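A.B. asks: Copied straight from TrEMBL:
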TRANSMEM  81-98  transmembrane segment
TRANSMEM  110-134  transmembrane segment
TRANSMEM  146-170  transmembrane segment
TRANSMEM  290-313  transmembrane segment
TRANSMEM  343-360  transmembrane segment
TRANSMEM  366-387  transmembrane segment
TRANSMEM  399-423  transmembrane segment
TRANSMEM  435-456  transmembrane segment
TRANSMEM  468-489  transmembrane segment
TRANSMEM  522-542  transmembrane segment
Amino acid sequence: MESLRLAVAYRPPLPVPAPGHLRRRLLVHHLPGPLLSLPNNSLSLSSPQHPPIPRRRLLLPLLASQTPDSNPEPESSGAKLVPLVISIAVGLAVRFLAPRPAEVSLQAWQLLSIFLSTIAGLVLGPLPVGAWAFLGLTAAVATHTLPFTAAFSAFTNEVIWLIVISFFFARGFVKTGLGDRIATYFVKWLGGSTLGLSYGLTISEACIAPAMPSTTARAGGVFLPIIKSLSLSADSKPNHPSSRKLGSYLVMTQFQAAGNSSALFLTAAAQNLLCLKLAEELGVIITNPWVSWFKAASLPAIVSLLATPYLLYKIFPPETKDTPDAPALAAEKLKRMGPVTKNEWVMIGTMILAVSLWVFGDAIGVPSVVAAMLGLSILLLLGVLDWDDCLNEKSAWDTLAWFAVLVGMAAQLTNLGIVSWMSSCVAKLLQSFSLSWPAAFCVLEASYFLIHYLFASQTGHVGALYSAFLAMHVAAGVPRALSALALAFNTNLFGALTHYSSGQAAVYFGAGYLELPDVFRVGFATALVNTLIWGGVGSIWWKFLGLY
C-alpha cells in the first residue's frame, strides 16, 4: 500500500557497538529522504566515552545511492498471484456479469469496471501502488475505453503538482533540522510532566503542520526520533515490557492527535488539497479555500487536540507520570544544535512566504501551486535543497504517477455520468427511508469513515470514494460546502484507526512501542470521541459560520 511504502522500519547494517553502549534500533523513514539516526537526533546527553556526533553527520546517504555490491537490491518477484486474480476478477465480474443500467453507456460501464479493479488492487496489493495504477491506466487505453490524451490528462493537474512539491518542502524541514528544533523548544517549555510533554509535542506538530504538508514526514522525520530519545532516557524500551513506562503513551498520543493537526489547515496534508480539487470538479467551489478551511476546522480541531492527550492519559496511562529531566535534556540538545543556521532561516522565510501566499493568493491572483513553485525555487537557488534531493524523493514521483491515474479515472467517471447515476441511486434509497438531510449526512459520513478499515492510504481512499460520497451528499440535500468540507475533515480523522490506515500509522507502529490490540482499541475509542467533538462542537460552529 502507498502509505506503508512511505514509512518502513528495518535494520540496516550497523557497526559493532562499543562495550556498554546501548544499541538502539534505527527507524528508517522512507519518504525517501535523509535517513535519521536516532543517536544523532537524540535528546539524550552524550557520555564522555561517546561524544556528540557532529551535526553535519545527521544526514546519512540515501539507500538509493548505495552501490549494488554494498547493498544489492532484492530481485522482483512479480505480482502476488491471489491478490492479482481477485483484483482482476472484480473488474471482470462488473463488466460481464453485473447487469448494466440502461442509463449508463457501455464506455462508462467499462471504465467503472477498470476503476473498481484498480481500487481492489490498491486494497489487496498484488503490485506496488504506482505499478498497479499504471496497469489500470494501460487497460483503459488498450481497450479503447479512454483515449491516450484523456487517460493522461490528470498528469497536468495543478493540485497533484502541489502535493508533489509538498514532499520537497517536508524534505527541507528534515534536512535543515528546523522541524526538530521547533519540537525541541516545546519539549523544553512544557516537558516537566508526562502529560505536559505530550501537550508540547502535540502543539508543536500543530504549529509545524501548515508549512510541512506531509503527515508521514512529520512523524518519521521530526517527532518519532524525539519521542524515542525521551523514552529511552526514561528507560522505556521498544518491544519490551518497559515500553509502557513512557514510550507507548507518547507514541499513541502523537499518533492519535496527528489527524486533528492535519485537519486544522488546508496545507497540513496532501489529501486535503485533493479533496477540494475533486469537489471543484463536481461543481462545489470553496471560495478563498485556505481561510475557509481554517475557519471551519479551527474550533473542533483545537478542542480535539486539547482533549486527546488528556483522554489517552486516562484510558492508556503511562507508568511514568513525571519527566523532570526532559526540559534539561531538551535545553542541552538545543545548546548542542547551536544558533539557528542560515539554511534554517531561509526555510523559515520561505515557508512564511508560501503560507502567506496560500492565505492571500486568491486576493492577489497567485494560485496555490505557483506559491509552492516559488518557494521551491527559492530553496533551490539558495542551496537549502539541491536537485538531487528532489530526484531522490521517490515518494513524490510515485505519488504523481498513481494520484494522476486515480484522479483522471475519477474525473472521467464523473464526465461519463457514473457518479451522478450512483448518487441518484443512493439518494432514492435514503428517501425510501424518509431520512432528512441531517440524518442522511450522519449515515454517509459514518459509512465513509468506517470503510477506511479496508484502506491503507488516506489519499487512496480519497481518490476512490470522495467524489462518489460527495455526490451522494449533494443528492440527499446536504448543503454543498458543508458536504465537501466535512468529508475532507473526515479523511484526516480516520488516519489513526489502524496500524495500516496512513503513512504516519506505519511509522508509529513500526517504532515497537505499541501492541496491535491497543492500536485497534484506542483507535476506535479516539474515533468515537472525535466524532462527538466534530459532530457536536463542529455542527454548532458550522451553523454559526453559515455553512448550513
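Backbone N, Cα and C atoms are what each Cβ position is placed from, and that goes for glycine too.
Tell me about the surroundings of these features in the structure.
C.D. replies: Counting residues 6+ beyond its ends, the transmembrane segment (146-170) has Cβ neighbours under 8 Å at 31, 33, 111, 137, 140, 211-214, 217-218, 221, 267, 270, 273-274, 276-277, 351, 354, 367-369, 372-373, 375-376, 379, 385, 389-390, 393, 395-397, 399-400, 403-405, 407-408, 411-412 in the same chain.
Among residues of the same chain six or more beyond the transmembrane segment (343-360), those with a C-beta under 8 A of the stretch's C-beta atoms are 169, 172-173, 175-178, 181, 210-211, 266-267, 290-291, 366, 368, 370-372, 374-375, 378-379, 382-384.
Within its own chain, the transmembrane segment (366-387) has Cβ neighbours under 8 Å at 158-159, 161-162, 165-166, 168-169, 171-172, 175-176, 267, 273, 289-290, 343, 346-347, 350-351, 353-354, 357-358, counting only residues six or more beyond its boundaries.
Residues 1-4, 122-123, 125, 464-465, 469, 472-473, 476-479, 482-483, 486-487, 490, 493-494, 497-498, 500-501, 527, 531, 535 of the same chain lie 6+ residues outside the transmembrane segment (435-456) yet bring a C-beta within less than 8 angstroms of a C-beta in it.
Within its own chain, the transmembrane segment (468-489) has Cβ neighbours under 8 Å at 263, 271-272, 275-276, 278-279, 282-284, 286, 292-293, 296-297, 300-301, 419-420, 422-424, 426-427, 430-431, 435, 437, 440-441, 444-445, 447-448, 534, 538, 542, 547-548, counting only residues six or more beyond its boundaries.
Sequence-distant contacts of the transmembrane segment (522-542) (same chain, six or more residues past either end, CB-CB distance under 8 Å): 252, 256, 259-260, 296, 299-300, 303-304, 307-308, 311-312, 315-316, 442, 449, 482, 486, 489, 493-494, 496-498, 501, 548.
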A.B. asks: Which stretch from 81-98, 290-313, 399-423 shares the most C-beta pairs under 8 Å with the transmembrane segment (110-134)?
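C.D. replies: Per the Cβ count, the answer is 81-98.
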